[in-house]
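A.B. asks: Quick one: this structure, given as structure tokens, is what I'll be asking you about.
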Amino acid sequence: MIIGLGSDLCNIERIQNSLDRFGERFENRVFTEIERAKARRRPFTIAGTYAKRFAAKEAFSKAVGTGFRRGVFMKDIGVVNARSGAPTLALTGGAAIRLAELLPDGHEASIHLTLTDDHPWAQAFVIIEAHRI
């Protein structure tokens, strides 16, 4: 059963402006170490890499119905790759707690994430599915 759906569109130029203005302070506040390492491996597309991940965080916050309130912070939501290479989310802190609150008893969550970009836009969709254990 689908328990959450969220999407977000992020302007890559806006992320580039934040990187230019705030540098590592912005990176460390918003992105996980795994996300920062991936961006460093893509020096010519760093803003696009970050913009897709920023959009994913926003999309997840919409899918759980909180936005960035009620203890859900951007760094609690990390984009990682499954063994297949597909993007998914690793949750900690308030994001993990909020997802657990949404799950019916006897269910576990699967998070489906898709990312795309076409300069100057990056887009993410998140679907949260509950499966009976």
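Note: Cβ is positioned from N, Cα and C throughout, glycine not excepted.
Per Swiss-Prot, the feature Mg(2+) binding site maps to Asp8, Glu58; the stated evidence is sequence analysis.
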A.B. asks: Quick one: what's DSSP say for Glu58 (Mg(2+) binding site), helix, strand or coil?
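C.D. replies: DSSP assigns Glu58 (Mg(2+) binding site) to helix.
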A.B. asks: Using all protein chains in view, find how many other C-beta atoms are within 10 Å of the C-beta of Glu58 (Mg(2+) binding site).
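C.D. replies: I get 21 for this one.
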A.B. asks: Non-local Cβ contacts of Asp8 (Mg(2+) binding site) (under 8 Å, 6 or more apart, same chain)?
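C.D. replies: Result: Phe54, Ala55, Ala56, Glu58, Ala59, Lys62, Gln123, Ala124.
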